Structure formats: C-alpha cells, structure tokens
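Q: Before anything else, here's the structure in question.
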C-alpha cells in the first residue's frame, strides 16, 4: 500500500515535503566510460561503431555499409505488421501531425515610429538525429512523438539510430520511421550512436540536434555533446497526478495510476481527492488490479515506494498542491475540469475529465508525450515543433531611424566603456549630418 | 593583420575549416571548487553567503539583512545618474519592451472531427533569477536584455544577484533594475549567488529559472544547478560576420568588426566581401582605428588571432559560407540586404544595410542581445519572452471521441506490452458500450 496523507494532519507539511523530495532515480555514474566511447568514435569513426556494436549488441556487421538499415530491409520488416497495428500507428501519426502543425509559429516584421524595421524569422534545424532505444523499451509511439514534430518543423534530414541487440528490431519501430518520414536509419546504439550523430563518421553525417530517450549511457553522452549540438531534455522517470472527486469509478482511476507505475519501479503515481473513502476505494482497486497485471511487480514496487493518496479539504487545496508538485501528467477527474485547470499552472500535460485517460495522450491524442519530469514543468515544456526550429532576429535602420535612436546607443556604449561600439554609430551619424 | 582567405585558392577549404574549428576559449576547470561552494551554500545558507562575499568580494556585511540592496539604497545610488544616461536607458528599455511584447505567444484550443478538444496554454515561470556580473563587465544593457523579457512574460518575482567588489556597484545597473521592474537585488556574486538562487537561503527565496552572463565560476555553477532550475544558454565569446560589397565606407565596417573584437581577446570578427581591394581597405581601416582605440590591445589581439577577411566570387558564395559559420551577429551591408538575408539561414541576429551597425542591436534596436555563439545558431535562438514561459498541453475527450480513437490507443499499448495503459482505455470503452 502507498502512503496516505491528509492535509488536516499536523504532520502533513513534513510528509508532503518528503514526498516531493524523494530521490527516485539513482543514475549510475558512467561518465568516464562514455567519455572514452565518444573519443574513440571521434578518432576511429565507423570502425569504432562496428567494434562497439559487436561488443554491446552482440552483432557482427560485415562492413560499414551494413550500419545502415536499407529501405529494402525496412520494406521486408514491415510487410508482416498486422493491419490493426499498422492502422493504429497511422491514425496516431496523423493525429500527432495535425496537432503539431498548429504549433508552427509565424514570422513577424513591422516598422516602428522611429522608422526601424524589426522582426524575426523562424527556420528549421537542417539535420536532426533521433535516438530510439532497443529491446523492450523500443517504443514505436516514441518514434512518432519525436520524428513527426521534426518533420512538421521542416527538418530536411532526420536520422534515426536504434540498437538491434542480437540483430533483433521491432518492426513497428521501422514502420513508425517510415510513416513519419525518417530519412535514414542506423543499427547503432548507446553512447557510440550519440557520438556518431554529434561528430559524424564516414557513414553517418553529423546532425545539429539530437532528441530521444535512452539509458544512462545515452543520457551521459547527450550531456557531453550538448553545445556541439542541441539536445532535448534528459527525461526522468514518469509521473502522474490524478485529482479526482468521489464521482468517479475507482477502477478507472486505479488503472490510470497503474499506467504510469507500470513503466518503471521509479515512476510516481499520486492521487489527490477531497473524499477519503474514495481514496481508499482507489487504493483497493489498485491492489486488486496488481494481482493480475502483467507488469504487476514493477507497478507494485512503484506504487508501494513512491505512490501516495492525499486527502484534501477542497479542490482549491488540490490545485495548490498540484502546483507544488508540478507533475509531468495531470488528470483532472472532477465536475468542472476546465475551471480547475485554470488553477493548475505548472504541469507538462493536462487531461480533462473522466473520459480522458492519460494513456490517450501517450499514443493518439495528438499532443506530445515527451514531457518535463521531476518538477521541471515549473520552467520547461514538452517536446514540440519549436524544438526543431530556431529564431533569427532582424533589424534594419533607415538614416532617419539611426538619427532618432543612434545617439542613445552611443551614450550607453560610452557609459559601458565600449568605445568602438559607440564610434560605429557616431561615424555614421557624422556622415549623415554633414 | 588577420588572415586573408580567398575562395578561389586551392587551399581555401582547409584554411576555412581551420578558422571554423579554432578553439577560442579555454575555460579553466573550476568545477570542483564550484561543487564545494554550492554544497556549502546548501548546508549553511546565508552564513556561507556572508563568508564567501567577504572572501571573494572583499566586502564584510554586518548581518544577513544587508545581503539585500534596499529600495532606499537604490534610490540613493541612482539619484546622481546624469539625465542623458537615464534617458538613454529608458529609451532602450521602452524599445526592448515593445519588441518583446510582440513575442508573447497565444494560447490555442480547438475541437477536431473526432470530438477531441485539444490545445495548449502558456504560463510564466513564477520566479526567475538574473545574474549580473560585477566590476568592468557589469553592463546595464545586459540587465535590460534579461529583465525586460522576464517581466513581459509575466514573471511575478524577479531577483537580481550582483557582486559588489569592495562594495562598489555601477549605479546604472541599479537604474536598469529599477526601470525594468526587478523585484529584489542582492549583493552576492559567483557560484554562491547561483547556489542561493537555485536552492534558496533564509534571505534569498529559491527561483525556478536562472539567466544572465558570468565568469567561469558562474557558468560552471549554472551547469550544476541545471535540472533543479532552468537556465539560459552558456554564452561563449562574441562573434560578428559582416558581408559587405565594395559600395561601403571601409571605416564603418572596420568599426563594426572592432565593436565585437573590443569585447574580448577571444572574440571573433569576420568580413566576407566580393571585392579584394575593399577587403584590404577595411583591414587598413582597422589598423588605423586600433592605434587610438581605448581597448585597442584587446581588440587588436582578437583581430590578429581570430579575425579574417574572406574574398568570395559572389554573394551566393558568401551566403553559403555564412551558413557554415552560423554567426551570432550577421551584418549585411550589400545593395539588397533583404534578398541576401533570405539565404543566410543560420544566424542569431541579422542587421540589414549599412545604417544598421551591430551596436544598435546591443543597446537600443529592440531585439535581444543575448544570442547563440560558437555555431549554435544552427540549432538555438537568442533569449526571448519564451525563455520565461512554459507550455502546458491540454486534451479532453468526450465519450464519442474516446469511442473513435480509444481502440487504436489500446492496440498500440498492447503492442508495447503496457497492459495498464490499454486497460485504462478499455475499461472506459466497456462501460460506454454496455
């Protein structure tokens, strides 16, 4: 059973602080190993990739050309995907694409009263790399959530790296690559894949931005190449907070909590309710479901170690606690979810009403499922088209505009003792006033 | 004299690659010291701040209350600022505010054919911290460029930390804080200031996001607290690329190049021109100006070690090289700067035409002067209102919407072996179809 808290208890504040600061992830320190791998790939390129792939993935490739998974190989692998799965993946891709197309920002340009023409222009990153984990954590939905926004942004070259342990690959991952318009797929994983994407080898051209989830080695490698290329966030274990009143089916809420708990023993599932009896009913429903769930041991450990049921006086208090938690996923199963959502400011994604289980957002709703974890929703956002775009600001002065605002620039430059800055303005003003 | 390159030379490609990969900055490794400072501030809070301020800034404060610069102290310090400087700063703030107000993004919500209501909502970071360097590098313009976007975004609590070596502070920095609406100012600097902002002390409440420039200690501290709070980019030395045809005043272009070179011996100023004689004339004008410039030794070292004049066949080639350089600042002094700007895709900020010296953008143009350096304009953008906002995605299904798209989510969940995900959808569909 998880911990039960009640805001009316005198010990609540202390227990809640403990819950908030619980260290759920102990990443092994693999930085030294990763530094070596990156250095080796930078020095020896493809040869390093072949050797590391043989070592870590138990896969001996005959030559560097076979690092790439060809279109023919993709064709063959996806031919046997059952129609239901293919259609589900296509529907998901279409819905994710439609949502992310709405995110495309507009360029802007205007001329102000001084006569200065100002604005900005968005442009896509030229080349992006997407890391896809291998084995059990190889999720086709994750390919869509990364690749579709990149392509909507206009990334012209999108390369995927995916380890194929013992030569095995999930055909649905390749189908997701095909559906989302991925341009190149390589059977390389780990820190060596990140190094190849960042620095390039003869076979894999370097990219400008790397996104996608991975294990501790991949995360450490992404941190190391950051600066040379852009990276997305380093995601922590999944989290869900459900705020539910008594007018809900306890079993539905239990399943929503378990759908995060089953990801990982470090996941965190929290329920806030204004009805203690309902909280108890949900906890019982969780125990009942845990008995038969395939991933019951994982989900059970997560729920036992990091789960909580918090009883509050009213929904106002629920919103306050939610803002302190800043959850990755927030489900609002209350009579007026829209009203409550206006008070829950810090959250990666909000799911409104009892017919919007969080799992809809993992696959098919449209919004991205790559979201800020570990309270970082206080200052960051989920993955979006914006992650594959950058903004260039534009300014153009006329002689009149320079006359109007140039002197102030020269004054400030002088006060900052940056003489050439000031002279670059004054030399022009002198000529204009002559 | 700087290096002269010509794209017609057979050795050009090699020389250009050397120029692009020049390592301009050798940051001292201060990470171990910074780790100790952060740990000390986390453990001992204000007491640590007092001791470290005495040690590093040679400033003994009588008590923790005096860590804060009071409104009365700010009043007193800014009273003597000359009117011209005050007015220049106020004009700059107004223009930066007007530009950044244009950046405020809109919330969006729509209902699609399946009946799903989707969208997103932007909200401001609750509290932000702005680091302002002390001493000579204490630039009031930098306060405006960080503080104004934060306030335009709606950050309700904005705290500034600024070291005051020997108790000295630039009154213009305090005036810039006042004009831009900074809420709290503390006389603390270095890694200890970053630690206080990230973790909080009795006197300084913790923030959610930290921005602003700083030395190697500040940069290392920002890297360390990243994740606990958000940070802006870690900026490298300044850069400018000027693309100019022969129809320009060589002295103006020389001053533009020098206005970056004077920042720092590691700054990089590059000129691309389609006219070799004009390139030569600019190089001569630089030498002439260096003789009298206050910061001549710094600017001269930068120009000698990292500057270059590159002669190209035509502007098409100039645009290609510009995109490989991905400069922080790009000045287009050509007959049709707008046409050329459409080909220069990777740049932090573009200044169009001969009447738009880069220095205008440093102070008064309106766009932000905090921009991506070291080729990172390939994948990142300058500071903006967006850095102080985060996006929460929203979804709401109706029973009909869940009937329409829920089965595909359950199919994908099953294929990813995430049973509870699928059951959370199927349990609802079962009830709806009963």
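The chain as shown is numbered from 1 upward.
Placement of Cβ uses the backbone N, Cα and C atoms for every residue, glycine included.
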Q: Determine which of A:166, A:183, A:202, A:362 appears in TrEMBL for the same substrate site as A:238, A:260, A:263, A:329, A:416, A:421.
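A: That substrate site, as TrEMBL gives it, pairs A:238, A:260, A:263, A:329, A:416, A:421 with A:362.
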Q: My list of recorded positions is A:131, A:192, A:238, A:328, A:362; which of them have a Cβ under 8 Å from any chain B Cβ, in sequence order?
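A: Of A:131, A:192, A:238, A:328, A:362, the entries that lie near chain B are A:362.
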Q: Under a three-state reduction of DSSP output, how is residue A:260 (substrate binding site) classified: helix, strand, or coil?
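A: It is helical.
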Q: Relative to the Cβ position of residue A:421 (substrate binding site), how many further Cβ atoms are located within 10 Å?
A: 30
Q: Closest to residue A:238 (substrate binding site): which of the recorded positions A:131, A:192, A:329, going by Cα position?
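A: Answer for the nearest of the recorded positions: A:329.
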Q: Among the recorded positions listed here (A:260, A:263, A:328, A:329, A:362), which has the Cα closest to the Cα of residue A:192 (NAD(+) binding site)?
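A: If we rank A:260, A:263, A:328, A:329, A:362 by Cα distance to residue A:192 (NAD(+) binding site), first place goes to A:263.
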Q: Distance check, please: Cα of residue A:131 (NAD(+) binding site) against Cα of residue A:260 (substrate binding site), rounded to an integer number of angstrom.
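A: If we compare the Cα positions of residue A:131 (NAD(+) binding site) and residue A:260 (substrate binding site), the gap is 22 Å.
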Q: DSSP on residue A:192 (NAD(+) binding site), three-state: which is it?
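A: The three-state answer is helix.
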